[in-house]
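Undergrad: First the structure, then my questions, so here it is.
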Amino acid sequence: MFVEHNLIKNIKIFTLAFTLTVVLIQLSRFISPLAIIHSSYIFLAWMPLCVMLSILFIFGWRGVVPVLCGMFCTNLWNFHLSFLQTAVMLGSQTFVVLCACAILRWQLGTRWRYGLTSRYVWQRLFWLGLVTPIGIKCSMYLVGSFFDFPLKISTFFGDADAIFTVVDLLSLFTAVLIYNMLFYYLTRMIVSPHFAQILWRRDIAPSLGKEKRAFTLSWLAALSVLLLLLCTPYENDFIAGYLVPVFFIIFTLGVGKLRYPFLNLTWAVSTLCLLNYNQNFLQGVETEYSLAFILAVLISFSVCLLYMVRIYHRSEWLNRRWHLQALTDPLTLLPNFRALEQAPEQEAGKSFCCLRIDNLEFMSRHYGLMMRVHCIRSICRTLLPLMQENEKLYQLPGSELLLVLSGPETEGRLQHMVNILNSRQIHWNNTGLDMGYGAAWGRFDGNQETLQPLLGQLSWLAEQSCAHHHVLALDSREEMVSGQTTKQVLLLNTIRTALDQGDLLLYAQPIRNKEGEGYDEILARLKYDGGIMTPDKFLPLIAQFNLSARFDLQVLESLLKWLATHPCDKKGPRFSVNLMPLTLLQKNIAGRIIRLFKRYHISPQAVILEITEEQAFSNAESSMYNIEQLHKFGFRIAIDDFGTGYANYERLKRLQADIIKIDGVFVKDIVTNTLDAMIVRSITDLAKAKSLSVVAEFVETQQQQALLHKLGVQYLQGYLIGRPQPLAD
């Protein structure tokens, strides 16, 4: 039963393909443009070749026999040849065509006859547009040397002048390069009428859309008018001389605006009209050489048209590719914030979840950028299996990821993700890294204007969440979060304004030894709205927004101005100034500080530079270089908050420091805590071995003062010694 079904199917396919071959070959012979050279008719485009290729493209190997039978019957009918002559002529016409198709099948695989205008275009152009016409002509020459044919067609088999052969060969090129797709679309629409709708929707209707409709209609109108003028029986030198170039210009303008199938069809129909009704188009073409030149021009422009379209589509593809790459983080390969901004309305009603990696910034400073990328990729690999198919993950600037969740139980799912992340280490270069995570979530309404404030509020809330690793919901805290983020922004603007206007207030707190000698530490305040802002409010924002170097330089310059107007004969230090850690990371900061002192003619011995405690340097070499340059210039270096971390010992070992300032955490309970006393004793012994001075901070009682002096501390600082007073006083 199955075999019978296949047999019936193959018979139907053979009948359809054979009928189409016979009918379309007769049609193609009828519409093929003709010319007369040396009293012999010659085709300007041999369109039966287009019919053969169209049948083979549509039916594949099942079209081989129908093509052979159809060509045999039409040759027998049209030329009244003997059976042998018909068979030999058939072989010369079809052998090279079938071989070229077989080579394409071998090179391109089973898809060799699909996507004719989009894929493997140049391979088909070479084998079918170049090799096949040359092969057919060589085959006919070879056959003509062994067999005799009627005078009517003998010129096609070599019994003609060279120019006749040239025009005949050009007619084969013209057929394949210009009219092949015209017959392919016609044949395919006959086989499958539904293809007409596909062709219209895919390749023609887009040109009639709202944006291109005016251009397309104007283009078609101009082409129609031009064809009417060129094809009219009325001969005119003006039409023939000036309007023919416009014909090529019109099609050049269509590149980029019209789809190639639409452009190719109009080009084929237009050239067919011009070659058949050629009173004006071929006016003045009186020799076969001129005719060969005209055909060569049409062939060349057809190839150029195809090339221009391919180049345009490739540039469009590259633009789309570059646009997509601009929407993707190049290192983590996650969609970035720009991708989120493209179509925010698509995410309306979904939950936006901000996941913060708390210590990623610090870790990346120590281990490098690639560690940061590795961590984000590891986190993504952990999160993606926990997300649904339509949920997304975005890379946000900084240390945050954005999860767009659409399922229920958002807070519970997000908390589960955070718990999993907090329970795992990320391994980098055989080192396990403990990363801290926090998250916050809120509903997004799809409004572009609310996207930025929402992300800002979620970011702040996620940062608060890192302290206890509990997910926070924005819905219940929106007012509070909005107030906090607005307050932070206003505070930052206030700080910037104060720095721009130089609204600094310098306070001095005494640092004294047993004899009451010493120097004062400079403490800065900011003036704003008639009030004073203390360091605990503005220093975190100054560090966070990279204003450290600017702030420290302004403090130093204000102090130097005061020193320049209040000279003193005292030798040794008069003040100390604390430099923030990020200031020392500036490569040229040492030179700028030195230039300030030279400008105001202040000796570097007058000011001690204090280095604040920091858990680790992101670029220790830059800091060490700056400190070394300052030390060489003559500054004395003090290490602040000494004893609270390994970094201080590491600094002490590498730096040529002059002073150690013991952190107040070891001083406040030193009278009652013997361990604090032992720590202070070890620090003073270490300082004595390196010939360093020691300063103790937060000294508030006489008992602390007495014990610290007994333990070897030379200088004391605190409310007992003196409270900060305005420098102007």
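Just so you know, glycine gets a Cβ as well, placed from its N, Cα and C.
What Swiss-Prot records for this protein is below:
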- 17-37: transmembrane segment (TRANSMEM)
- 41-61: transmembrane segment (TRANSMEM)
- 83-103: transmembrane segment (TRANSMEM)
- 126-146: transmembrane segment (TRANSMEM)
- 163-183: transmembrane segment (TRANSMEM)
- 214-234: transmembrane segment (TRANSMEM)
- 238-258: transmembrane segment (TRANSMEM)
- 289-309: transmembrane segment (TRANSMEM)
- 348-476: domain 'GGDEF' (DOMAIN)
- 488-729: domain 'EAL' (DOMAIN)
Undergrad: Given the cut-off of 8 Å on Cβ pairs that are 6 or more apart in sequence, determine whether the transmembrane segment (289-309) and the transmembrane segment (126-146) share at least 3 such pairs.
TA: no
Undergrad: Is the transmembrane segment (83-103) packed against any residues at least 6 beyond its ends, judged by a Cβ distance under 8 Å, and which are they?
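TA: Those are 48-49, 52-53, 56, 64, 67-68, 71-72, 75-76, 112, 127-128, 131-132, 135-136, 138-140, 142-143, 147, 149, in sequence order.
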Undergrad: In the domain 'GGDEF' (348-476), how many residues does DSSP assign to helix, to strand and to coil?
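TA: DSSP classes over the domain 'GGDEF' (348-476) add up to 57 helix, 32 strand, 40 coil.
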